[in-house]
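Student: Structure below; questions to follow.
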Amino acid sequence: MKLLALVALCAVGVASHRDKRQLSIGTISVSGAGGSTGCVVTGNVLYANGIRLRNLTSSEQSELATYQTEVEQYKTQLRNILSQRRENLRNRLMSQGRNQQQQSNDVSSQGGNDDGSIPKAPEKPSFCTAEDTTQYYFDGCMVQGNKVYVGGQYARDLSSDEISELQTFDTQQTAYQNAVQSQMQSQVQGLFGGSDFLSALFGGDRFNQQQQRQQPSSTTPASTSSTTLPPKPTVPQFCTAIF
């Protein structure tokens with residue numbers, strides 16, 4: 001079993017290869033520890049993945065101030081929910097020796113303030129988009145924001161034709177990677193006995209019902225999609241690495 005899983009993981013790694021894109025979007029750190037990936041603003045200067053972009057406008061500075069307030073509120077809500085859930089868990093463990101009715105009452109009374117929902121993270125500011133932070137790694141260079149970087153140093157801007165070429169490559173590469181992932185899932189499912197094995201492992205009828213909702217017509221198309229992949233997109237030649 002372990003060998004089969006390892007083979008599947010290796011196949012995914014080979015399919016990805018070096019010309020795949022890397023999407024780097026900044027995340028909110030509840031603990032306060034962060035980094036330079038994604039969008040970073042300091043002194044009203046905007047950076048994307050450590051690369052300086054431009055100064056913020058006055059309206060963008062106001063938008064950033066609103067975002068900072070919302071982030072602090074979001075962090076506070078998360079901490080309160082985590083604290084409440086730790087308290088609920090502690091009460092459940094302490095009440096194991098009591099009778100079932102008493103335990104039920106304790107859990108319901110302590111968990112009344114926790115509805116199980118996680119607050120939604122605030123929307124990123126309009127000046128921090130996926131287009132700003134997406135990095136495309138090719139042999140010898142990296143492209144971000146339609147600019148070419150070599151060894152972390154700015155080299156040049158893409159031409160209008162190259163920008164169109166990159167957009168086409170992005171669309172085709174995304175479709176190719178999705179098809180590879182879908183094929184791998186079908187192959188792994190076949191290796192482990194299909195839905196019967198997974199049903200026995202993960203919960204019987206509930207798993208079957210979920211699979212039927214997600215894949216209502218998976219009987220015939222599965223065999224075709226598992227063997228057919230779109231052509232691998234042609235990698236743009238924005239730079240030449242000499243080996």
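Here the Cβ of each residue, glycine as well, is placed from N, Cα and C on the backbone.
Relevant sequence annotations retrieved from Swiss-Prot are reproduced here:
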- 99-112: compositional bias 'Low complexity' (COMPBIAS)
- 209-229: compositional bias 'Low complexity' (COMPBIAS)
- Cys141-Cys239: disulfide bond (DISULFID)
- Asn55: N-linked glycosylation site (CARBOHYD)
- 95-126: region 'Disordered' (REGION)
- 208-235: region 'Disordered' (REGION)
- 1-16: signal peptide (SIGNAL)
Student: If one measures from the C-alpha of Cys239 (disulfide bond) to the C-alpha of the residue listed as 'N-linked glycosylation site', what distance in angstrom results, rounded to a whole number?
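Tutor: Roughly 29 Å, rounded to the nearest whole number.
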Student: With an 8 Å cut-off on Cβ-Cβ distance and a minimum sequence separation of at least 6, pull the same-chain contacts of the residue listed as 'N-linked glycosylation site', or say none.
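Tutor: Asn44, Val45, Leu46 - these are the non-local Cβ neighbours of the residue listed as 'N-linked glycosylation site', listed in sequence order.
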